[in-house]
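Noted in TrEMBL for the protein shown:
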REGION    1-22  region 'Disordered'
DOMAIN    45-284  domain 'PABS'
ACT_SITE  Asp201  active site, proton acceptor
Amino acid sequence: MAEESFVGDLPVKRPREDEENGACAATEAMETETNSSDYISSVIPGWFSEISPMWPGEAHSLKVEKILFQGKSDYQNVMVFQSSTYGKVLVLDGVIQLTERDECAYQEMITHLPLCSIVNPKKVLVIGGGDGGVLREVARHSSVEQIDICEIDKMVVDVSKKFFPDVAIGYEDPRVTLRVGDGVAFLKAVPEGTYDAIIVDSSDPIGPAQELFEKPFFESVAKALRPGGVVSTQAESIWLHMNIIEDIVANCRQIFKGSVNYAWTTVPTYPRPVLIPWPLTHSIVDVHI
């Protein structure tokens, strides 16, 4: 009979020792990763289930074929597993960040929407985006001469290069300069009017990315953009986080002189929550100054 352990209030059944699908090790790792009640995502026999206070009362599960990587950086827990339907999956602090199957929808939208809205962008800054997918898409624009990326977690970069080479291929572009550090601090030090476009590819507003959703951060963004520049930022789900979206839009309308537009794309696994196979919307706020 299978033993039971508990993560928060959620029972997690461990698989039998003779099961060779990697779920046992993953379960133990996820229990270690989720000591706090913020994230109680878990692996039960053969399945990864994502549960978070960001989407209360909902969960999203993927069938696990094999756990490929588990590690803990200075900032978060990092996990990669092979799913049966979405290819390899990158998980940070128990939350799915991308899958091989559907990552393109998010990366393309958050990148090409702003870059195609201004004429000949030359200098682009990416905040976050350690997986390299946004870099890959920015590099498709021939007018771009300089691509800077500031990612706080070097482990995310290294893991992405190893397990998601088709996503992290953006790092191979000679126009790219990687700066490992805090994006908020980096922006404060950037000279005024440096960039034509800034793309904020952040994780959710819990943990290291929280400051990237606050008003002082967008004030730093405005300073770093040239006149006529554009910023595009990840803005959560219209079905679950309307309060966050309203705050971002309100802040941007106070800070930026130009238009503030709202856009969304469909990504089945991001934002994550749903109990049935239902593609959810992912929102992006596009701002011109």
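Glycine is no exception: its Cβ is also placed from the backbone N, Cα and C atoms.
The residue listed as 'active site, proton acceptor' has a Cβ environment of 26 other Cβ atoms inside 10 Å. The secondary structure of the residue listed as 'active site, proton acceptor', as reduced to three states from DSSP, is extended strand. The domain 'PABS' (45-284) scores a mean pLDDT of 84 in the predicted structure.
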